[in-house]
Amino acid sequence: MAPMGIRLSPLGVAVFCLLGLGVLYHLYSGFLAGRFSLFGLGSEPGGGPAGPVVAADGGTVDLREMLAVSVLAAVRGGDEVRRVRESNVLHEKSKGKTREGADDKMTSGDVLSNRKMFYLLKTAFPNVQINTEEHVDATDQEVILWDRQIPEDILKEIATPKEVPAESVTVWIDPLDATQEYTEDLRKYVTTMVCVAVNGKPVVGVIHKPFSEYTAWAMVDGGSNVKARSSYNEKTPRIVVSRSHSGMVKQVALQTFGNQTTIIPAGGAGYKVLALLDVPDKSQEKADLYIHVTYIKKWDICAGNAILKALGGHMTTLSGEEISYTGSDGIEGGLLASIRLNHQALVRKLPDLEKTGHK
């Protein structure tokens with residue numbers, strides 16, 4: 001009797017193989033999905049579309065592109081500032097008190113400008129740190145796209161890309177500088193500002209005046225659309241100071257430089273920096289020095305610091321220390337800003353101002 005054998009049906013073999021392939025496919029696809037999720041290539045929580053693919057370290061950003069977007073952001077924010085002021089419906093309220101005891105005011109102009117500026121920069125550069133004066137409400141999130149076009153005036157000054165690690169960048173936004181003056185309808189003092197700092201050093205600065213539609217910008221070791229004036233008076237300077245404590249500075253300045261010294265009370269740190277430069281704006285006053293003696297926030301001064309630095313000028317604390325744009329959002333040591341003058345000699349001439357500012 002012949003040995004009994006097992007006969008395999010060709011159809012059965014095919015079905016078995018297909019089942020085996022199906023099991024292997026599901027096991028392998030699950031493995032891949034786990035691996036992809038480690039690199040951020042999966043879907044966003046809630047089933048939304050996948051986000052942009054980025055390097056694990058955040059990659060690099062081109063400072064020339066950041067300048068272009070910063071200019072656009074300052075102008076877009078300025079449009080909101082102007083529109084709200086012209087509507088005469090400011091929805092003014094106080095965020096609290098400043099250290100000097102004055103109301104720290106906020107308006108719809110601040111809020112709407114902040115939203116435009118923040119989300120334009122955040123959409124264009126999602127991997128950089130952005131610090132802004134006003135609170136950003138996630139429920140008001142707005143996707144504002146940049147067309148990736150760099151304006152000709154920037155390309156003319158800065159011909160090649162300047163890339164830096166994204167993680168080294170901090171952006172400082174002031175969506176409406178001189179809010180107090182804004183509420184008083186003193187429009188010439190009002191600016192919107194953006195600054196890009198790299199490893200804490202101010203590198204890109206933009207100051208925009210919404211009501212005259214003038215914009216100053218500069219990049220350190222790059223280029224600018226603004227320049228210093230041809231001459232400055234160091235012996236009997238015109239000194240621009242805050243409207244809120246001009247008397248405090250005047251007393252020491254007259255003792256230091258003599259009775260011929262002129263004190264110019266003004267609003268807004270952006271306006272005061274522009275007072276040191278050659279600005280084609282008839283409403284802009286001219287000064288030789290900018291002195292501030294009390295606590296000040298970094299978004300107020302970073303853009304001006306970058307512009308002055310790009311033009312060979314200086315902005316330091318009253319004791320002559322460079323200002324770092326990382327860490328805390330303010331500085332205690334007051335500030336001194338100058339251009340085409342002996343800055344350290346000026347620091348030595350003003351030894352008592354910092355103490356005066358803390359009284």
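Positions of Cβ are set from backbone N, Cα and C atoms, glycine also.
Keep in mind that TrEMBL annotations are predicted by a computer and have not been checked by a curator.
According to TrEMBL, the protein has these features:
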type	residues	note
BINDING	GLU133, ASP174, LEU176, ASP177, ASP300	Mg(2+) binding site
REGION	86-106	region 'Disordered'
TRANSMEM	6-28	transmembrane segment
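The residues near the Mg(2+) site, meaning same-chain residues not in GLU133, ASP174, LEU176, ASP177, ASP300 whose C-beta sits within 8 angstroms of the mean position of the site's C-beta atoms, are ILE173, PRO175, ALA178, THR179, THR191, THR192, MET193, GLY268, ALA269, GLY270, LYS297, TRP299, in sequence order. Here the Cβ of ASP174 (Mg(2+) binding site) has 33 other Cβ atoms within 10 Å, regardless of which shown protein chain they belong to. Neighbour density at the Cβ, taken as the number of other Cβ atoms within 10 Å, is lowest among the binding-site residues LEU176, ASP300 for ASP300.
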